[in-house]
Amino acid sequence: MCKKVNRLFPILMLFYIGGSYLISYLLHGRSMPIWFSLIESQLLILVPVILFVLYEKINVAKCLPYKLLKPLDALLALLFGYSLIPMMILLNYVSMLFSTNKIQEATGALMEYPFLVQIFFLAVIPAFVEEFVFRGIFYHSYRKNGILGAALLSGFIFGIMHLNINQFVYAFVLGVIFALLVEATGSMLTSMIAHFAINTYSIIIMQLVPDSMKNSENANSIIQSMTLQTTIMTICVLAVVASAFGIISFVIYKNLAKRNNRWNYITGEIRKGIKPQNDEKFATIPLIVTLLLCVGFMIYTEYFI
């Protein structure tokens, strides 16, 4: 299954990037509302994956674990997601030292819409679509080859899919964590809830920050104008806070896994490391080439455009 899903990735990226440029060309420079762009980006991810599922005759209900959660597990998943936010802030801050904050641009453009509309477009839809694609199809295609290697590779692909350095940094880490979160309960609804929590943070914080900070260029310029000493102190403070909340995240995660009798299974699988367990390579030539091209694209668009 690794080979098949690795062939999907180049097609997905071609469809995603090519589709974006094609739609821009067809619109002839006409200005479209931000919600259109958000829906467009999610559909460009979802459509090729749906076609892959149909072509490979994958039984989604059988192959992907969408079992219902106990109410307490759902609440713990939500709290787990929110407990990851300090880590995300730290990673975002560090990445903004050498890249542009892309999510702030999209969130800021949605500020004119009602709060619930923002939640729907930035938190609900991405949680469903991206979890289905990356924790569903990609992670579960790699999973039989070892959950740690599968989590790392699917997380890396999730990060690369954002096609910008800023989001890649924290999306990669979150992608790995979300994959392991699925294992804690045996249900993808867990990662969907945590993903929803993470995305709502971006919306809520934009409601609270001053108007001068809502522009990503202003935010980046403020960070880049800080002295080295101030920057180091800020990173240290954020790291301490992220570490404290990281402990909380671990406690919640362990509790979730034990409540679902999966803690021993997860720790046992992780001890096996990233070595493929089914004599099938995680990475193949089509995947490696596409990943390298995507990295080049990210560097080019960040520093040369």
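Note that Cβ sites are derived from N, Cα and C of the backbone, with glycine treated the same way.
Feature list (source: TrEMBL):
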{"type": "TRANSMEM", "residues": "7-28", "note": "transmembrane segment"}
{"type": "TRANSMEM", "residues": "34-55", "note": "transmembrane segment"}
{"type": "TRANSMEM", "residues": "75-95", "note": "transmembrane segment"}
{"type": "TRANSMEM", "residues": "115-134", "note": "transmembrane segment"}
{"type": "DOMAIN", "residues": "115-200", "note": "domain 'CAAX prenyl protease 2/Lysostaphin resistance protein A-like'"}
{"type": "TRANSMEM", "residues": "146-163", "note": "transmembrane segment"}
{"type": "TRANSMEM", "residues": "169-186", "note": "transmembrane segment"}
{"type": "TRANSMEM", "residues": "193-210", "note": "transmembrane segment"}
{"type": "TRANSMEM", "residues": "230-253", "note": "transmembrane segment"}
{"type": "TRANSMEM", "residues": "282-300", "note": "transmembrane segment"}
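By number of Cβ pairs under 8 Å, the transmembrane segment (169-186) is matched best by 146-163 from the list 7-28, 34-55, 75-95, 146-163, 282-300.
Put simply, of 7-28, 146-163, 282-300, the stretch with the most CB pairs closer than 8 A to the transmembrane segment (115-134) is 146-163.
Distant neighbours of the transmembrane segment (7-28): 40-41, 44-45, 47-49, 52, 137-138, 157, 161, 163, 284, 286-287, 289-291, 293-294, 297; these residues of the same chain sit at least 6 beyond its ends, with a Cβ under 8 Å from one of its Cβ atoms. The transmembrane segment (75-95) makes contact with the transmembrane segment (230-253), as judged by at least three Cβ pairs under 8 Å among residues 6 or more apart in sequence. As a whole-number mean, the pLDDT of the domain 'CAAX prenyl protease 2/Lysostaphin resistance protein A-like' (115-200) in this prediction is 94.
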